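Going by TrEMBL, these are the annotated features:
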- 151-310: domain 'SSD' (DOMAIN)
- 154-174: transmembrane segment (TRANSMEM)
- 180-201: transmembrane segment (TRANSMEM)
- 208-228: transmembrane segment (TRANSMEM)
- 248-269: transmembrane segment (TRANSMEM)
- 382-403: transmembrane segment (TRANSMEM)
- 582-602: transmembrane segment (TRANSMEM)
- 608-628: transmembrane segment (TRANSMEM)
- 676-698: transmembrane segment (TRANSMEM)
- 710-732: transmembrane segment (TRANSMEM)
Amino acid sequence: LHSAVTRIQVQRPGFNYTFAHICILNNDKTCIVDDIVHVLEELKAARSSNRTNFAITYPITHLKDGREVYNGHQLGGVTVHSKDRVKSAEAIQLTYYLQAINSLNDMVAEKWESIFCDTVELFQKSNRKVKMYPFTSSSLKEDFQKTSRVSERYLITSLVLVVTLAILCCSMQDCVRSKPWLGLLGLLTVTLATLTAAGIINLTGGKYNSTFLGIPFVMLGHGLYGTFEMLSSWRKTREDQHVKERTAAVFADSMLSFSLTTAMYLVTFGIGASPFTNIEAARIFCCNSCIAIFFNYLYVLSFYGSSLVFTGYIENNYQHSIFCRKVPKPEVLQEKPAWYRFLLTAKFSEDTDDSEETNTYESHLLVWFLKRYYCDWITNTYVKPFVVLFYLVYISFALMGYLQVSEGSELSNIVATATRTIEYTAAQQKYFSNYSPVIGFYIYESIEYWNTSVQEDVLEYTKGFVRISWFESYLNYLRKLNISTGLPKKNFTDMLRNSFLKTPQFAHFSEDIIFSKKYNNEVDVVASRMFLVAKTMETKREELYDLLETLRKLSLTSKVKFIVFNPSFVYMDRYASSVGAPLQNSCISALFLLFFSAFLVADSLINVWLTLTVASVEFGVIGFMTLWKVELDCISVLCLIYGINYTIDNCAPLLSTFVLGKELTRTKWVKNALEVHGVAILQSYLCYIVGLIPLAAVPSNLTRTLFRCLFLIALVTFFHCFAILPVILTFLPPSKKKRKEKKNPENREEIECVEMVDMDSTRVVDQITTV
C-alpha cells in the first residue's frame, strides 16, 4: 500500500508530479514518512533473513540505527507481551505530509489527495481481508457539504407535505368562506422570503454551508404562524362589514404581536450575526436568518395582506374560494346533481338569523373542535389534577436528562453518515484511543538548558507524559558517558552540536533545536521543541479537553515560556467557542428583549409568565434532548436559541389575551384565549411537524440533530400552549374578580323617564329609563 501511494502521479501540462515532488522534506532532502514504515521495513528484512530476535515495543520502540521512535498513534489494538513487546496489532495508521507553499503546489496536493482516496479504495478491492479507511484534509469539508446533496429529495417531500396540509388547514366545507389559496400563498410568502435572503447572501459573496438547512424550518415556524394568525383574526370580523374595515381589524388585531415577535427574532439572530460571534458558519446562518425574517415581515404586510384583501372581496361577492365563480342560490342548487351541490355548499347571510351570523366559521373543523370540545375538556375540574401530575413527570424526566448533559465535540456530529469521516473517526477511536494525540511542546525563549534547576523544571512540567524529546535523550546520553548534567554553557552547546547531534541515533533531533550565533561567535539555543503523549482515552473528550486546559494554565504560570499545540486542539477550541458564543449571545438578547418588552407590554405579568414559560420549555428541551442522545454542540445550541423565539411566538398571544382580560373568570378567559389563538397555533404546529418528519430520514448526523432538537421544541411548546398554561392559569394570578367601584356621593345618577302613551287612550304603552 505504501509503495502504491508513493507511486501516485498527478498529471499537469509538461510534468507529472509524484509524492516525492510535493512531500515535506527532511534535512537530508528525503520525504518525511511515518516511523512505522521504517519499523515494517526492518521487520520485513528480519523475516527475509530468518532473524527472530527483532522485537517491536509499545509505545516506544528502537530502530536499527539506535533511534527511539513513538508508535502509540501508529499502532492500534495492540496486545503486548512482558516488557512492552508487541505480540499483535489490529490496526496501523499511515500519515503522508504534503507541502502547500504556493497556489500551484496547493492545487497539485488537492488533486493528489483525490487520487489517494481512489488508490486506497482500489487497493481495498484487491485486498478484501484488510479494511482501509482513507482520510484527507478535504474529507471533512466534502462530507460536511454532502449533507445538502443527500437532503434534496427529502426537502422536496417536506415541501409537498407542508403545501398539502397548509391548504387543508385553511379549507372548510363552506366553499365561500374556505381559504385554501391563503394556505398556499402563506407558504409562498415564507418561500419568497427564504429565496430572497439566499439571493442576497450569494450576491454579497456569502459562503453556503449545510447549516443553512435549518433556515427554512426557522421561517416555517415563524412565517406560517403569522399568516395563520391573520386568517384567524379574519374569522372574528363581521361579515356585514366592508373588506377595508375587516382588513383594518385584522391588522390591528394580529400585526402588533407579529411585529414584536419579528423584532425579537431580528435582535436574537442580529446579535448572532454580529462580530460577537467568532464562528463563521454560525454568523452566516444568523445573518441569513435575519434577512429572511425581515423580508418575510415585509411580504406578510404587502403580498399576503393584499392576498387576504383579494380573497375577502371574493368572499363578500359570494364567489367560490377556489374557482372564483359566483355561487348560485340554494333554490338554484336544488336542481343540480349531488356532486355539484357538494362542491358549492355555502351559507348565505339572508339564510341565517342574527344569532347565527357570528358562528358561520364554526364549520371549520379546528374551530369547531376547540370551541365545542377541547376548551371545555382541558378546563374541567377532573382533568386539571392529571395535567399537573403529567407536568411533574415532565419536569422529573427533564431534570434527569439535564443532569446528564454532555458536550459534543465529535467531527462525526456535523457530517453525513456513511462517509469517510464517520468511518475513519470510528476506526481511530476504536483502535487508537490508548494515548492522546502527539502534543507539541515549544519553548520559545533562550533558557539555561545547562542549568540543573532548569532541567528539573522542564522535566517537572512534562511529568506524566510519554516524552519524545531531544532534551531527555541528551540527558540520558550524558549519563551514559558518566558526565555530570550541570555542564557550563560553552561545554553544553559544543557537546550538543558536535557530539550529540552527530550521533546517528540522535541526528533526527536536529530539527527540534534552533541555534543562534552571537557577536563573539558564541552559540546559543534560542528555541526548542519536544513531543508529548498522555496516557488517556481519546474517546473521553473531557479528559483531552482538561489536558489542554491544564497545559495552557501551566504555560501561563511556569518559569519557562512555552506553548502547546495539536491539530485536534483547533477543533476543541472551535467547539468551546461554538457553544459558549451562542449561549452568551442568547443571554444578551434575552436580557435586551426583557428590557425592551417591559416598555411595550400592557402588563408586567405578561413578561413574568412569558419568562417562566420559556424557562420551562428550554429546560424540558435540553433534558429530553440529552435523553434522546443529542449532545450540546453548535447545531443544538442554535436550535435552543431558536426555541426561545418559537416559544414566545406561540405563547405570547395566549398570555396577552388572558392577562389583559377583565371582569370574567379565569376559566372563561383561558377558553377565550384558546378560541382566539388556538386555531392558528394548531395549524402552524401541524404544518411544522409534517415538514420536519422527512428530515428524520436524511442520512446525516447534522440533520438528525436538527430534527430531534426542532421536533422537541415544537412538541414541548405545543404541550405548554394546549395543556400546561390553560390549566395553571385557571388557579394562579392574575385575579379576574370584578372590582367593586367605591360610591362617591358627589357622583349622582341622573334618571330620565319617558312615557310612551297611546294617543287613542290613556294607557301607558312603555317606559324607557336612561341612566
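Every residue gets a Cβ built from N, Cα and C, even glycine.
Where the annotation comes from TrEMBL, it is an automatic prediction and has not been curated.
Per-residue confidence over the domain 'SSD' (151-310) averages 88 (mean pLDDT, predicted model).
When Cβ distances are compared across the two stretches, the transmembrane segment (608-628) makes no contact with the transmembrane segment (248-269), since fewer than 3 pairs at least 6 residues apart fall below 8 angstroms. Same-chain residues lying 6+ beyond the ends of the transmembrane segment (154-174) with a Cβ under 8 Å from its Cβ atoms: 180, 182-184, 186-187, 213, 216, 220, 224, 228, 231, 345-347, 360-361, 363-366, 683, 686-687, 690-695, 697-698. Listed by sequence, the residues of this chain that lie at least six past the ends of the transmembrane segment (710-732) yet keep a Cβ under 8 A from its Cβ atoms are 214, 217, 221, 374, 378-379, 383-384, 387-388, 390-391, 394, 609, 613, 616-617, 620-621, 624-625, 628, 639-640, 642-643, 646-647, 650-651, 654-655, 658, 666-667, 669-670, 673-674, 678, 681-682, 685, 688-689, 692, 695-696.
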